[in-house]
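Swiss-Prot lists 32-52, 76-98, 113-133, 179-199, 225-245, 289-309, 321-341, 348-368 with the feature transmembrane segment. Under the heading heme b b562 binding site, Swiss-Prot lists H82, H183, citing sequence analysis as support. Summarising the annotation, Swiss-Prot assigns heme b b566 binding site to H96, H197. Residues or ranges marked as ubiquinone binding site by Swiss-Prot: H202.
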Amino acid sequence: MAFRKSNVYLSLVNSYLIDSPQPSTINYWWNLGSLLGLCLVIQILTGIFMAMHYSSNIELAFSSVEHIMRDVQYGWLLRYMHANGASFFFICMYMHIAKGLYYGSYRSPRVTVWIVGVIIFVLTMAAAFLGYCCVYGQMSHWGATVITNLFSAIPFVGQDIVQWLWGGFSVSNPTIQRFFALHYLVPFIIAALVVMHFMALHVHGSSNPLGITGNMDRIGMHGYFIFKDLITVFVFLIFFSLFVFFSPNTLGHPDNYIPGNPLVTPASIVPEWYLLPFYAILRSIPDKLLGVITMFAAILVLLVLPITDRSVVRGNTFKVLSKFFFFLFIFNFLLLGQIGQLHIEPPFVLMGQIATFLYFAYFIIIVPIISTIENVLFYIGRVNN
């Protein structure tokens, strides 16, 4: 027996990464998992090295970031890799979620995989927000103020919770210090959840574009799919390098190169681009408490898909109606992201409210109705044949 199979530790690696049977029909959309793993490794490693030179004291936070950029050897590379790595992490994550929605990866027997994935998504957004605040530029300060103030919408105890989060009566030194501590911790929790995600996936194996269940047409992971993953890894590194070396600030906000000033409010307070769709949902609801609930519901609504999707066929590969509404949903999500960076004025307020309604309607109304209609059509087609 090969040593990789007999050794108690290497046998785990072997069963997950080498001899793991994969469907022979999976396409390049299944490579996003390996890209997300690469992004997580980049974020953790660059974050650890940056933390060696970063000071979480509010008087020194902004200056310490500039110190990393100017004085630390290759500090500029660490900072730009970390900042752009977050953007690429979310690009891959949104594409990974879209792949799951299109191919029905949330369907039984992979419900646990989907639930753990949604938890990872929530924690990744939290880590991104906490890291954005640590820079303590102008947008970081006001972003932290706005987002933490959302907890004041909780009846009776909201304001007390906000002051507890701040460690005072405004965003101050304790706020940045505890945000940095949490920002350092959360990625390791995400890494643990990624292992759980991987373990849950290993129980039933990967799904496939055809949406069929079967263990007959499978081939080993190593050799075929490892090489296939490497192709997209190199393509990813090319695009990642283009941003890091040639356009490192394109995905950032220029106001964050101004030190945080609580006395000067920016013309518009916006989070990083990857949080804009949910920020647009928050702003589309006039009531503060309902807006906060709606924003969190926009993330957690992903968990209802295993219940609302009643289709007898997994995925949208053979379903014309589902394809149409899926791409309509993607367009609507991109529209929400665009609205999130615009000023709150007509007609963007109404557009945001309509887009928010369509976002929730897709999960709660459209998916169950369309899946039921397609079930009837499948039944009619099968009877006629």
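The backbone N, Cα and C atoms fix where each Cβ goes, glycine too.
Keep in mind it's a predicted model, so treat the numbers as computed, not measured.
Feature map: annotations from Swiss-Prot on the structure.
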residue : record                   : Cβ contacts under 8 Å, 6 or more apart
H82     : heme b b562 binding site : I42, Q43, T46, G47, M50, G131
H96     : heme b b566 binding site : L32, G33, L36, G117
H183    : heme b b562 binding site : G47, A127, L130, G131, C133, C134
H197    : heme b b566 binding site : V113, V116, G117, I120
H202    : ubiquinone binding site  : S15, Y16, S20
Long-range Cβ neighbours of the transmembrane segment (321-341) (under 8 Å; 6 or more residues past either end):
98, 101-102, 268, 270-271, 273, 275-281, 283-284, 311, 348, 351-352, 355-356, 358-359, 362, 366-367, 370-371, 373-374
Intrachain neighbours beyond the transmembrane segment (179-199), with Cβ under 8 angstroms and 6 or more residues off its ends:
16, 37, 40, 43-44, 47, 51, 54, 56, 113, 116-117, 119-120, 123-124, 126-127, 130-131, 133-134, 144
Could you pull out which residues elsewhere in the chain have a CB under 8 Å from any CB of the transmembrane segment (76-98), counting only those six or more residues past its ends?
29, 32-33, 35-36, 39-40, 42-43, 46-47, 49-50, 65, 68-70, 117, 121, 124, 128, 131, 236, 239-240, 243-245, 248, 251-252, 272-274, 302, 330
